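*Asks:* After the structure tokens below, expect a handful of questions from me.
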Amino acid sequence: MRRTIRHIPLLGTALAPAAAQAQGENRPMWYLETFGSPGNEITPILWGLLWLAIGVVVIIAALVLAGVFLKTQRGVDMRRDQEAVSPPHDHSALRWMYGGLFATLAALSVFVVWTMMTMADIRQPDGEAPITIAITGHQWWWQVTYLSEDESRIFETANEIHVPVGVPVKFRLTSADVIHSFWVPAIASKTDLIPGQENTAWFRADTPGVYRGQCAEYCGKQHANMALRVVAESPEDFDAWWDMQLEPVEMPETEVAKMGMELFRLNCAACHNIRGAMAGGEMGPDLSHLMERTTLASGMLPNTPGHLSGWIANPDVIKPGTLMPRTDLSGPELDAIRAFLLTLDQGA
């Protein structure tokens with residue numbers, strides 16, 4: 001029975017990538033259309049370089065085709081006669097070469113100056129960033145800590161970032177293991193997360209929506225599955241979300257959920273923290289208010305009861321290489337832990 005239970009949840013995970021894509025972000029991983037700063041300032045440079053490259057390709061292709069297909073009406077012998085009477089010092093070819101070289105240097109100089117001015121402009125946000133978020137990269141998930149001068153308002157979550165629209169947010173970035181890179185292409189540029197070093201970044205989301213982020217530095221076999229989501233919402237909704245995150249979780253009321261909480265403490269609390277549930281692990285993601293999140297396994301799976309069961313029972317099958325161990329649970333035990341986790345959707 002125990003062996004069978006391990007594999008039943010995989011039926012729900014076989015279509016996980018398609019399900020995640022169907023349910024997911026309403027903004028694609030596309031960096032040529034942005035919805036905030038500093039992306040808004042960087043994107044025009046990218047478009048400019050793209051159109052410049054297209055122009056160069058068109059000109060070169062036209063010249064090559066002209067050389068291949070245009071023929072003089074005089075034939076080879078007449079052409080030789082022309083060359084024989086041509087001035088001995090015809091520098092027309094050199095003039096074309098120097099002209100092309102000058103045009104290239106001028107265009108590149110414009111883009112160098114434009115890039116340097118943009119880099120200086122986006123180094124810091126306009127005005128003070130009132131919100132600071134510390135992000136620590138792990139193989140392969142994101143630890144997210146909302147900081148505050150009031151220590152009672154500091155809390156931790158994972159793999160999902162909420163930000164208020166129109167407000168600059170500062171990020172303090174580091175890594176717990178290998179080099180990662182924080183990238184939300186529809187809003188911000190890439191910034192590396194380096195072990196033992198803190199880098200800073202900022203962005204401001206100008207349009208409400210859900211934006212996909214991604215680790216942009218190869219960090220191991222599950223690099224492609226180290227995603228995150230940025231939820232940009234109104235300042236009022238963001239404040240309400242922050243207040244809700246500070247609340248301890250409700251104690252379960254049903255017998256099966258109570259049994260699940262005890263099983264969680266025995267099997268999962270060494271790695272995971274749940275505020276108010278006497279589970280204080282620090283190795284894995286904080287699971288407080290887990291059911292308020294939209295995905296599991298750092299964006300791999302939609303957060304549904306079926307996928308939750310599959311992830312608990314077979315983490316190493318769904319995400320090979322993950323540090324989360326497989327738990328030897330019976331069917332009723334797995335159902336009980338899931339019932340407890342499903343209660344983590346609101347504060348007390």
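One is the number of the first residue shown, and numbering goes on along the chain from there.
The backbone N, Cα and C atoms fix where each Cβ goes, glycine too.
Fair warning: this is a prediction, and the values are worked out from it, not measured in the lab.
Annotations per TrEMBL:
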DOMAIN    128-244  domain 'Cytochrome oxidase subunit II copper A binding'
DOMAIN    255-345  domain 'Cytochrome c'
SIGNAL    1-22  signal peptide
TRANSMEM  46-70  transmembrane segment
TRANSMEM  96-117  transmembrane segment
*Asks:* Averaged over the domain 'Cytochrome oxidase subunit II copper A binding' (128-244), what pLDDT does the prediction give?
*Replies:* 94
*Asks:* Mind checking which residues of the chain, 6+ beyond the ends of the transmembrane segment (96-117), have their Cβ under 8 Å from one of its Cβ atoms?
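*Replies:* Result: 45, 48-49, 52.
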*Asks:* Looking only at the domain 'Cytochrome c' (255-345), how are its residues distributed among DSSP helix, strand and coil?
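*Replies:* Split by secondary structure, the domain 'Cytochrome c' (255-345) comes out as 40 helix, 8 strand, 43 coil.
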*Asks:* By DSSP, what is the split of the domain 'Cytochrome oxidase subunit II copper A binding' (128-244) into helix, strand and coil residues?
*Replies:* 16 helix, 62 strand, 39 coil
